[in-house]
Structure formats: structure tokens, C-alpha cells
Amino acid sequence: MIRTMFKSKIHRATVTHANLHYVGSVTVDKDLLDAADILPGELVAIVDVTNGSRLETYTIEGQAGSGVIGINGAAAHLVNIGDTVILISYAQMTTAEAREYLPSIVHVDAANKIVQLGTDPAEALTEGLNRPPFSTTA
């Protein structure tokens, strides 16, 4: 059996640009893509923490060190400059692979600079956020 599993995420990034008049996608700082093991053109889910919107799109590599998280095209109707977002990628793997796989978690600050890398999807670094109740990963 092949399962679709959580592969990586850029956690609580700040949207720096929103361009409605673009063909689509999300532009992401190359350093963040590399740290999260996300390739240009890869499918990502974007969860807007600010307003609850969820969408799927593909990534475009942005300038390294720029901190860019740019929402392009129709998604700019759902996600605004200044919103806090989580970019999530998934991968298909066998059950055996899934049981052994460790995801790449990239925690960023308000300027989208990396503050910590990890593998625990339930880890909460932001003040006021807690681990989900009864989560067993540590």
C-alpha cells in the first residue's frame, strides 16, 4: 500500500507579497525551500492561520535570504500580506517507509528567518502555542 504522508513544513511564516495578477503559485525564499526539502514546482498546501483558508499550489524559488513568501494569482483573494501561514508538503511512501520517515520542520520568525529545524510535527515553539493534547511524538 502507498500512503500519502506529511513530508515537511515551513511553520508560521509571514506573507510578504500578494500578487493577484500572476499566473499562480507561491514564491518561497530558496533557503526555506532547501531547509524544508521542498523543490521548485512541488505541490504544497498553504494553511492561513490568520483567517483559516486552505489551498494547494506549487512553489516558485525566491531569492535566498530574502524571506519572501509571496502568494500569487487567485490565492491572493484568500491570503493577504501579513498573514501567518504554514506551507506543508506531502510524499507518497510505503507503510514501512512511513513508519521510519522523519519529516523536516522549519520554524521561522516574523521575518521568515529560520530559528529552528526539527522533525517533531507537534513541537510548538511560538509562545502561547501548546502541543496538541494527547500527542505522543516528542
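Backbone N, Cα and C define each Cβ position, glycine as well.
In the record from Swiss-Prot, residues G73, A74, A75 bind substrate; the candidate from T57, T59, T84 listed for the same site is T57. The Cβ of Y58 (active site, proton donor) lies under 8 Å from the Cβ of G24, S25, V26, G41, E42, L43, V44, each of which sits 6+ residues away along the same chain. The Cβ neighbour count for S25 (active site, schiff-base intermediate with substrate), using a 10 Å radius and every protein chain shown, is 19.
Residue pairs drawn from T57, G73, A74, A75, the listed substrate binders, are separated by up to 10 Å at the Cα level.
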